[in-house]
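Copied over from Swiss-Prot:
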{"type": "DISULFID", "residues": "Cys89-Cys103", "note": "disulfide bond"}
{"type": "CARBOHYD", "residues": "Asn62", "note": "N-linked glycosylation site"}
{"type": "CARBOHYD", "residues": "Asn140", "note": "N-linked glycosylation site"}
{"type": "TOPO_DOM", "residues": "1-195", "note": "topological domain 'Extracellular'"}
{"type": "TOPO_DOM", "residues": "281-404", "note": "topological domain 'Cytoplasmic'"}
{"type": "TRANSMEM", "residues": "196-219", "note": "transmembrane segment"}
{"type": "TRANSMEM", "residues": "227-245", "note": "transmembrane segment"}
{"type": "TRANSMEM", "residues": "261-280", "note": "transmembrane segment"}
{"type": "TRANSMEM", "residues": "405-423", "note": "transmembrane segment"}
Amino acid sequence: IIDVHEIDQIMTCSVWLKQVWIDKKLSWNPEIYGGVSVLYVPYEMVWVPDIVLYNTVDSNYNITISTKATLRYDGQVTWDSPAIFKTLCQIDVRWFPFDEQNCHFKFGSWTYTEDLLNLELLDSDARYELEMNENGELNNITIFEEGIDLSDYYPSVEWDIMSRIAKRRTKNYLTSFSDEAFIDIIFYLELRRKPLFYTVNLVFPCVGISFLTIVAFYLPPRSGEKVTLCILILVALTVFYLLLKDIIPATSIALPLFGKYLLFTMIMVSLSVLVTVISLNLHFRRPSTHRMPIWVKWLFLRILPKILFMRRPTLIKVDEAVRRVADYRRGYNMIINRYEQKVNCDSCRNVNKRITQEIQKIYRSPHVIKAFENVCFIAQLLKKKDREAMIDEDWKFVARVLDRLFLLLFSIACFLGTILILFQAPSLYDTRQAIN
(Lines of atoms letter the chains of each structure in order from A and count residues from 1; the text may use other names and numbers.)
(Lines give C-alpha, C1' and ligand atoms only; values in the text may rest on other atoms or scores of the structure.)
Protein backbone atom coordinates (compact mmCIF):
# COMPACT_ATOMS: atom_id res chain seq x y z
CA ILE A 1 0.00 0.00 0.00
CA ILE A 2 1.70 3.16 -1.18
CA ASP A 3 -0.92 5.70 -0.20
CA VAL A 4 -4.57 6.13 0.69
CA HIS A 5 -5.47 9.68 -0.28
CA GLU A 6 -8.52 10.52 1.80
CA ILE A 7 -9.40 13.80 0.08
CA ASP A 8 -9.32 12.38 -3.47
CA GLN A 9 -10.51 8.96 -2.22
CA ILE A 10 -7.81 7.13 -4.16
CA MET A 11 -5.79 4.12 -3.01
CA THR A 12 -2.43 3.56 -4.64
CA CYS A 13 -0.90 0.09 -4.41
CA SER A 14 2.10 -1.65 -5.89
CA VAL A 15 1.09 -5.23 -6.75
CA TRP A 16 2.23 -8.30 -8.64
CA LEU A 17 -0.55 -9.62 -10.82
CA LYS A 18 -0.03 -13.28 -11.67
CA GLN A 19 -2.03 -14.67 -14.60
CA VAL A 20 -1.90 -18.27 -15.77
CA TRP A 21 -3.73 -19.73 -18.81
CA ILE A 22 -3.43 -22.56 -21.29
CA ASP A 23 -2.71 -21.86 -24.96
CA LYS A 24 -2.52 -25.13 -26.92
CA LYS A 25 -1.08 -23.34 -29.90
CA LEU A 26 2.08 -22.64 -27.87
CA SER A 27 2.78 -26.24 -26.85
CA TRP A 28 5.71 -28.30 -28.19
CA ASN A 29 7.63 -31.48 -27.63
CA PRO A 30 10.82 -30.80 -25.66
CA GLU A 31 12.52 -33.87 -27.12
CA ILE A 32 12.26 -32.42 -30.61
CA TYR A 33 13.71 -29.05 -29.56
CA GLY A 34 16.73 -30.22 -27.63
CA GLY A 35 15.05 -30.64 -24.25
CA VAL A 36 13.86 -27.01 -24.07
CA SER A 37 10.77 -27.04 -21.83
CA VAL A 38 10.49 -23.36 -20.83
CA LEU A 39 10.73 -20.15 -22.84
CA TYR A 40 10.69 -16.51 -21.77
CA VAL A 41 9.18 -14.21 -24.36
CA PRO A 42 7.86 -10.64 -24.31
CA TYR A 43 4.19 -10.65 -23.50
CA GLU A 44 3.45 -8.68 -26.67
CA MET A 45 4.41 -11.72 -28.75
CA VAL A 46 1.72 -13.99 -27.28
CA TRP A 47 -1.99 -13.76 -26.77
CA VAL A 48 -2.88 -12.32 -23.35
CA PRO A 49 -6.37 -11.99 -21.88
CA ASP A 50 -7.69 -8.44 -21.84
CA ILE A 51 -7.98 -8.30 -18.06
CA VAL A 52 -8.57 -4.73 -16.95
CA LEU A 53 -9.06 -2.99 -13.63
CA TYR A 54 -12.62 -1.72 -13.69
CA ASN A 55 -12.44 0.78 -10.82
CA THR A 56 -9.18 2.42 -11.79
CA VAL A 57 -8.87 6.19 -11.70
CA ASP A 58 -5.92 6.16 -14.07
CA SER A 59 -6.19 6.66 -17.81
CA ASN A 60 -4.63 3.25 -18.50
CA TYR A 61 -6.91 0.33 -17.76
CA ASN A 62 -4.42 -2.28 -18.95
CA ILE A 63 -1.05 -3.25 -17.52
CA THR A 64 1.60 -1.32 -19.42
CA ILE A 65 4.80 -2.51 -17.71
CA SER A 66 6.76 -4.54 -20.26
CA THR A 67 7.68 -7.89 -18.71
CA LYS A 68 8.24 -11.32 -20.20
CA ALA A 69 5.83 -14.20 -20.07
CA THR A 70 6.89 -17.74 -19.19
CA LEU A 71 5.91 -20.43 -21.74
CA ARG A 72 5.91 -24.08 -20.76
CA TYR A 73 6.01 -26.92 -23.26
CA ASP A 74 2.46 -28.05 -22.41
CA GLY A 75 1.03 -24.68 -23.45
CA GLN A 76 0.79 -23.13 -19.98
CA VAL A 77 1.54 -19.41 -20.05
CA THR A 78 2.45 -17.59 -16.82
CA TRP A 79 2.64 -13.83 -16.75
CA ASP A 80 3.85 -12.15 -13.55
CA SER A 81 3.39 -8.46 -14.12
CA PRO A 82 4.22 -5.80 -11.52
CA ALA A 83 1.96 -2.79 -11.62
CA ILE A 84 0.95 0.28 -9.69
CA PHE A 85 -2.82 0.51 -9.43
CA LYS A 86 -4.75 3.61 -8.50
CA THR A 87 -8.25 2.60 -7.55
CA LEU A 88 -11.28 4.47 -6.37
CA CYS A 89 -11.85 3.84 -2.65
CA GLN A 90 -14.85 5.48 -1.04
CA ILE A 91 -13.62 6.81 2.30
CA ASP A 92 -15.90 6.39 5.29
CA VAL A 93 -15.00 9.26 7.63
CA ARG A 94 -17.51 8.48 10.39
CA TRP A 95 -14.90 7.16 12.84
CA PHE A 96 -11.86 9.21 11.80
CA PRO A 97 -9.12 8.91 13.12
CA PHE A 98 -10.13 5.47 14.48
CA ASP A 99 -11.62 4.41 11.17
CA GLU A 100 -11.64 1.29 9.03
CA GLN A 101 -11.86 1.43 5.24
CA ASN A 102 -13.01 -1.14 2.71
CA CYS A 103 -11.31 -0.84 -0.67
CA HIS A 104 -11.39 -3.24 -3.58
CA PHE A 105 -9.88 -4.13 -6.95
CA LYS A 106 -12.31 -5.30 -9.61
CA PHE A 107 -10.72 -7.30 -12.43
CA GLY A 108 -12.46 -8.75 -15.44
CA SER A 109 -12.34 -9.18 -19.17
CA TRP A 110 -13.47 -6.22 -21.20
CA THR A 111 -14.32 -8.23 -24.31
CA TYR A 112 -14.78 -11.94 -23.60
CA THR A 113 -18.01 -13.16 -22.09
CA GLU A 114 -18.50 -16.02 -19.67
CA ASP A 115 -18.65 -18.52 -22.53
CA LEU A 116 -15.31 -17.41 -23.96
CA LEU A 117 -13.20 -16.66 -20.88
CA ASN A 118 -13.37 -18.25 -17.46
CA LEU A 119 -11.64 -16.64 -14.48
CA GLU A 120 -10.54 -18.59 -11.42
CA LEU A 121 -8.25 -17.85 -8.48
CA LEU A 122 -5.00 -19.77 -8.06
CA ASP A 123 -4.31 -22.02 -5.06
CA SER A 124 -6.98 -20.82 -2.66
CA ASP A 125 -9.70 -22.51 -0.63
CA ALA A 126 -13.16 -21.39 -1.63
CA ARG A 127 -16.67 -21.39 -0.25
CA TYR A 128 -19.89 -20.73 -2.11
CA GLU A 129 -22.74 -18.37 -1.34
CA LEU A 130 -25.79 -16.90 -3.02
CA GLU A 131 -25.96 -13.20 -3.85
CA MET A 132 -28.87 -11.22 -5.22
CA ASN A 133 -28.11 -9.21 -8.34
CA GLU A 134 -29.64 -5.97 -9.61
CA ASN A 135 -32.56 -7.84 -11.20
CA GLY A 136 -33.49 -9.58 -7.96
CA GLU A 137 -32.08 -12.92 -9.11
CA LEU A 138 -29.83 -15.13 -6.99
CA ASN A 139 -26.37 -15.83 -8.37
CA ASN A 140 -23.70 -18.17 -7.11
CA ILE A 141 -20.55 -16.43 -5.96
CA THR A 142 -17.27 -17.99 -4.94
CA ILE A 143 -15.55 -16.50 -1.89
CA PHE A 144 -11.85 -16.90 -1.17
CA GLU A 145 -10.80 -15.95 2.37
CA GLU A 146 -7.14 -15.52 1.39
CA GLY A 147 -7.65 -14.01 -2.00
CA ILE A 148 -4.47 -11.91 -1.93
CA ASP A 149 -1.02 -13.38 -1.38
CA LEU A 150 0.78 -11.28 1.24
CA SER A 151 4.01 -13.28 1.39
CA ASP A 152 5.94 -10.35 -0.10
CA TYR A 153 3.82 -7.63 1.45
CA TYR A 154 5.65 -4.61 2.82
CA PRO A 155 3.70 -3.34 5.88
CA SER A 156 2.24 0.13 5.62
CA VAL A 157 3.16 2.71 8.23
CA GLU A 158 -0.41 4.03 8.35
CA TRP A 159 -2.70 1.07 7.67
CA ASP A 160 -3.16 -2.48 8.91
CA ILE A 161 -4.71 -5.13 6.67
CA MET A 162 -7.50 -6.91 8.55
CA SER A 163 -8.86 -9.12 5.75
CA ARG A 164 -8.18 -9.88 2.06
CA ILE A 165 -11.25 -11.61 0.72
CA ALA A 166 -11.72 -12.25 -3.00
CA LYS A 167 -15.06 -12.92 -4.71
CA ARG A 168 -15.69 -14.47 -8.09
CA ARG A 169 -19.05 -13.68 -9.56
CA THR A 170 -20.97 -13.50 -12.80
CA LYS A 171 -22.54 -10.20 -13.76
CA ASN A 172 -24.62 -9.17 -16.74
CA TYR A 173 -23.52 -6.12 -18.69
CA LEU A 174 -25.49 -4.47 -21.48
CA THR A 175 -23.45 -4.71 -24.69
CA SER A 176 -24.17 -3.67 -28.25
CA PHE A 177 -25.66 -7.10 -28.98
CA SER A 178 -27.54 -8.12 -25.86
CA ASP A 179 -27.39 -8.42 -22.10
CA GLU A 180 -24.37 -10.71 -21.75
CA ALA A 181 -22.74 -12.31 -18.70
CA PHE A 182 -19.14 -11.55 -17.79
CA ILE A 183 -17.00 -13.01 -15.03
CA ASP A 184 -15.15 -10.67 -12.72
CA ILE A 185 -13.05 -11.16 -9.61
CA ILE A 186 -13.10 -8.57 -6.85
CA PHE A 187 -10.34 -8.37 -4.25
CA TYR A 188 -11.47 -6.69 -1.02
CA LEU A 189 -9.01 -5.07 1.36
CA GLU A 190 -10.25 -4.21 4.83
CA LEU A 191 -7.90 -1.57 6.21
CA ARG A 192 -7.67 -0.29 9.76
CA ARG A 193 -5.88 2.98 10.39
CA LYS A 194 -2.99 3.09 12.83
CA PRO A 195 -4.24 5.95 15.02
CA LEU A 196 -1.05 6.82 16.91
CA PHE A 197 -0.06 9.76 14.70
CA TYR A 198 -3.45 11.47 14.76
CA THR A 199 -3.99 10.64 18.43
CA VAL A 200 -0.77 12.37 19.47
CA ASN A 201 -0.99 15.30 17.06
CA LEU A 202 -4.74 15.97 16.94
CA VAL A 203 -6.76 14.20 19.62
CA PHE A 204 -4.59 14.84 22.69
CA PRO A 205 -4.05 18.58 21.98
CA CYS A 206 -7.75 19.04 21.30
CA VAL A 207 -8.70 17.25 24.53
CA GLY A 208 -6.23 19.40 26.45
CA ILE A 209 -7.62 22.58 24.91
CA SER A 210 -11.18 21.53 25.70
CA PHE A 211 -10.29 20.99 29.35
CA LEU A 212 -8.77 24.48 29.45
CA THR A 213 -12.36 25.70 29.30
CA ILE A 214 -12.72 24.58 32.90
CA VAL A 215 -9.81 26.80 33.95
CA ALA A 216 -11.74 29.88 32.81
CA PHE A 217 -14.24 29.33 35.62
CA TYR A 218 -11.43 29.08 38.17
CA LEU A 219 -10.01 32.49 37.32
CA PRO A 220 -11.21 35.32 39.59
CA PRO A 221 -13.37 37.90 37.80
CA ARG A 222 -11.09 40.74 38.85
CA SER A 223 -8.27 39.32 36.73
CA GLY A 224 -10.08 40.40 33.56
CA GLU A 225 -8.73 37.44 31.58
CA LYS A 226 -11.70 35.08 31.71
CA VAL A 227 -13.27 36.11 28.40
CA THR A 228 -9.83 36.43 26.78
CA LEU A 229 -8.97 32.85 27.69
CA CYS A 230 -12.26 31.54 26.28
CA ILE A 231 -11.79 33.46 23.02
CA LEU A 232 -8.24 32.11 22.65
CA ILE A 233 -9.53 28.56 23.14
CA LEU A 234 -12.17 29.19 20.48
CA VAL A 235 -9.49 30.42 18.05
CA ALA A 236 -7.35 27.34 18.75
CA LEU A 237 -10.29 25.05 17.99
CA THR A 238 -10.86 26.90 14.73
CA VAL A 239 -7.27 26.06 13.75
CA PHE A 240 -8.01 22.39 14.43
CA TYR A 241 -11.06 22.63 12.19
CA LEU A 242 -8.87 23.98 9.39
CA LEU A 243 -6.46 21.08 9.88
CA LEU A 244 -9.32 18.60 9.76
CA LYS A 245 -10.60 20.15 6.52
CA ASP A 246 -7.26 19.44 4.84
CA ILE A 247 -7.22 15.79 5.93
CA ILE A 248 -10.64 14.34 5.20
CA PRO A 249 -12.73 14.52 2.01
CA ALA A 250 -15.40 17.19 1.66
CA THR A 251 -18.33 14.84 2.09
CA SER A 252 -21.78 15.43 3.52
CA ILE A 253 -22.55 11.76 4.09
CA ALA A 254 -21.27 11.63 7.66
CA LEU A 255 -19.59 13.85 10.22
CA PRO A 256 -16.17 12.56 11.35
CA LEU A 257 -15.77 11.40 14.91
CA PHE A 258 -13.08 13.99 15.54
CA GLY A 259 -15.30 16.61 13.91
CA LYS A 260 -18.08 15.71 16.35
CA TYR A 261 -15.70 16.19 19.25
CA LEU A 262 -14.50 19.52 17.86
CA LEU A 263 -18.10 20.64 17.42
CA PHE A 264 -18.93 19.57 20.97
CA THR A 265 -15.89 21.43 22.30
CA MET A 266 -16.73 24.59 20.36
CA ILE A 267 -20.27 24.52 21.75
CA MET A 268 -18.87 24.13 25.27
CA VAL A 269 -16.43 27.00 24.77
CA SER A 270 -19.17 29.22 23.34
CA LEU A 271 -21.35 28.45 26.36
CA SER A 272 -18.42 29.19 28.64
CA VAL A 273 -18.05 32.63 27.04
CA LEU A 274 -21.75 33.28 27.64
CA VAL A 275 -21.58 32.10 31.26
CA THR A 276 -18.41 34.11 31.85
CA VAL A 277 -20.09 37.29 30.59
CA ILE A 278 -23.04 36.65 32.91
CA SER A 279 -20.68 36.01 35.82
CA LEU A 280 -18.76 39.23 35.18
CA ASN A 281 -22.05 41.13 34.92
CA LEU A 282 -23.11 39.81 38.33
CA HIS A 283 -19.71 40.48 39.85
CA PHE A 284 -19.68 44.16 38.92
CA ARG A 285 -23.29 44.94 39.82
CA ARG A 286 -23.88 47.74 42.34
CA PRO A 287 -26.74 48.36 44.76
CA SER A 288 -27.42 51.69 43.10
CA THR A 289 -28.25 50.00 39.79
CA HIS A 290 -29.53 46.53 40.64
CA ARG A 291 -31.66 45.08 43.41
CA MET A 292 -31.11 41.43 44.21
CA PRO A 293 -34.30 39.34 43.86
CA ILE A 294 -35.42 37.18 46.75
CA TRP A 295 -35.08 33.95 44.78
CA VAL A 296 -31.48 34.82 43.92
CA LYS A 297 -30.70 35.31 47.62
CA TRP A 298 -32.40 32.05 48.50
CA LEU A 299 -30.75 30.01 45.73
CA PHE A 300 -27.26 31.49 45.48
CA LEU A 301 -26.67 32.61 49.07
CA ARG A 302 -28.31 29.77 51.01
CA ILE A 303 -28.87 26.62 48.97
CA LEU A 304 -26.08 26.34 46.39
CA PRO A 305 -23.17 27.29 48.71
CA LYS A 306 -24.06 24.35 50.96
CA ILE A 307 -24.25 21.98 47.99
CA LEU A 308 -20.98 23.26 46.53
CA PHE A 309 -19.20 23.28 49.92
CA MET A 310 -18.57 27.02 49.82
CA ARG A 311 -18.13 29.17 52.91
CA ARG A 312 -18.73 32.87 52.75
CA PRO A 313 -15.99 35.06 54.31
CA THR A 314 -16.97 37.07 57.42
CA LEU A 315 -17.56 40.75 56.68
CA ILE A 316 -16.03 43.51 58.84
CA LYS A 317 -18.97 45.28 60.47
CA VAL A 318 -19.20 48.88 61.72
CA ASP A 319 -18.36 49.27 65.40
CA GLU A 320 -21.37 49.26 67.71
CA ALA A 321 -20.30 52.57 69.23
CA VAL A 322 -20.61 54.23 65.84
CA ARG A 323 -24.06 52.69 65.42
CA ARG A 324 -25.14 54.18 68.79
CA VAL A 325 -23.85 57.57 67.72
CA ALA A 326 -26.00 57.23 64.61
CA ASP A 327 -29.03 57.04 66.91
CA TYR A 328 -28.19 60.47 68.35
CA ARG A 329 -31.55 62.10 67.62
CA ARG A 330 -33.35 59.36 69.51
CA GLY A 331 -31.00 58.95 72.50
CA TYR A 332 -29.48 62.38 72.96
CA ASN A 333 -31.21 62.97 76.29
CA MET A 334 -30.03 59.57 77.54
CA ILE A 335 -26.43 60.63 76.92
CA ILE A 336 -26.87 63.87 78.89
CA ASN A 337 -28.61 62.12 81.77
CA ARG A 338 -25.86 59.53 81.90
CA TYR A 339 -23.20 62.21 82.31
CA GLU A 340 -25.33 64.06 84.83
CA GLN A 341 -25.59 60.95 86.98
CA LYS A 342 -21.83 60.57 86.98
CA VAL A 343 -21.34 63.92 88.75
CA ASN A 344 -24.26 63.59 91.27
CA CYS A 345 -23.44 62.70 94.86
CA ASP A 346 -25.02 63.64 98.23
CA SER A 347 -21.83 64.87 99.84
CA CYS A 348 -21.17 67.55 97.26
CA ARG A 349 -24.67 68.43 96.11
CA ASN A 350 -24.02 72.18 95.75
CA VAL A 351 -20.84 71.69 93.85
CA ASN A 352 -22.46 69.04 91.72
CA LYS A 353 -25.38 71.30 90.98
CA ARG A 354 -23.07 73.93 89.65
CA ILE A 355 -21.08 71.36 87.65
CA THR A 356 -24.29 69.90 86.27
CA GLN A 357 -25.45 73.29 85.13
CA GLU A 358 -22.12 73.86 83.43
CA ILE A 359 -22.29 70.44 81.77
CA GLN A 360 -25.82 71.12 80.56
CA LYS A 361 -24.69 74.42 79.11
CA ILE A 362 -21.86 72.65 77.31
CA TYR A 363 -24.00 69.79 75.98
CA ARG A 364 -26.82 72.07 74.92
CA SER A 365 -24.61 74.62 73.25
CA PRO A 366 -25.06 75.07 69.46
CA HIS A 367 -21.49 73.96 68.79
CA VAL A 368 -21.92 70.65 70.60
CA ILE A 369 -25.30 70.03 68.94
CA LYS A 370 -23.75 70.79 65.54
CA ALA A 371 -20.89 68.42 66.32
CA PHE A 372 -23.32 65.68 67.28
CA GLU A 373 -25.29 66.24 64.09
CA ASN A 374 -22.11 65.94 62.05
CA VAL A 375 -21.20 62.73 63.87
CA CYS A 376 -24.74 61.47 63.21
CA PHE A 377 -24.39 62.26 59.51
CA ILE A 378 -21.06 60.44 59.35
CA ALA A 379 -22.54 57.47 61.18
CA GLN A 380 -25.49 57.32 58.78
CA LEU A 381 -23.11 57.55 55.85
CA LEU A 382 -21.04 54.71 57.28
CA LYS A 383 -24.20 52.66 57.78
CA LYS A 384 -25.21 53.27 54.19
CA LYS A 385 -21.76 52.35 52.89
CA ASP A 386 -21.72 49.29 55.09
CA ARG A 387 -25.13 48.21 53.75
CA GLU A 388 -24.05 48.85 50.16
CA ALA A 389 -20.80 46.97 50.79
CA MET A 390 -22.76 44.00 52.08
CA ILE A 391 -25.03 44.03 49.01
CA ASP A 392 -21.97 44.44 46.79
CA GLU A 393 -20.36 41.44 48.47
CA ASP A 394 -23.60 39.52 47.96
CA TRP A 395 -23.41 40.09 44.19
CA LYS A 396 -19.75 39.08 44.13
CA PHE A 397 -20.53 35.95 46.09
CA VAL A 398 -23.36 35.12 43.67
CA ALA A 399 -20.83 35.40 40.81
CA ARG A 400 -18.44 33.10 42.69
CA VAL A 401 -21.20 30.56 43.28
CA LEU A 402 -22.11 30.69 39.57
CA ASP A 403 -18.47 30.11 38.61
CA ARG A 404 -18.16 27.20 41.02
CA LEU A 405 -21.41 25.68 39.77
CA PHE A 406 -20.39 25.82 36.11
CA LEU A 407 -16.87 24.69 36.98
CA LEU A 408 -18.42 21.49 38.28
CA LEU A 409 -20.93 21.16 35.42
CA PHE A 410 -18.35 21.82 32.68
CA SER A 411 -15.89 19.38 34.28
CA ILE A 412 -18.51 16.63 34.20
CA ALA A 413 -19.65 17.59 30.68
CA CYS A 414 -16.11 17.67 29.24
CA PHE A 415 -15.18 14.35 30.82
CA LEU A 416 -18.37 12.57 29.77
CA GLY A 417 -18.32 14.16 26.31
CA THR A 418 -14.75 13.02 25.72
CA ILE A 419 -15.53 9.48 26.81
CA LEU A 420 -18.86 9.14 25.00
CA ILE A 421 -17.71 10.67 21.71
CA LEU A 422 -14.14 9.45 21.26
CA PHE A 423 -14.67 5.97 22.68
CA GLN A 424 -17.59 4.99 20.45
CA ALA A 425 -15.38 4.02 17.51
CA PRO A 426 -15.80 0.28 16.76
CA SER A 427 -12.12 -0.17 15.88
CA LEU A 428 -11.14 0.54 19.50
CA TYR A 429 -12.88 -2.67 20.52
CA ASP A 430 -11.74 -4.76 17.54
CA THR A 431 -9.52 -7.46 19.01
CA ARG A 432 -8.54 -8.98 15.67
CA GLN A 433 -4.86 -9.12 14.88
CA ALA A 434 -3.62 -7.40 11.76
CA ILE A 435 -2.34 -9.55 8.90
CA ASN A 436 1.42 -9.09 8.65
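From the backbone N, Cα and C atoms, a Cβ is placed for every residue, glycine too.
Since the structure is predicted, the reported quantities are computational estimates derived from the model, not experimental observations.
In the three-state DSSP classification, Cys89 (disulfide bond) falls within coil. In summary, the transmembrane segment (405-423) lies against the transmembrane segment (196-219): three or more C-beta pairs, each 6 or more positions apart in sequence, are under 8 Å. Around the Cβ of Cys103 (disulfide bond), the number of neighbouring Cβ atoms within 10 Å comes to 22. Annotation note: Asn140 (N-linked glycosylation site) sits in a strand segment as assigned by DSSP. Confidence annotation: the topological domain 'Cytoplasmic' (281-404) carries a mean pLDDT of 69 in the model.
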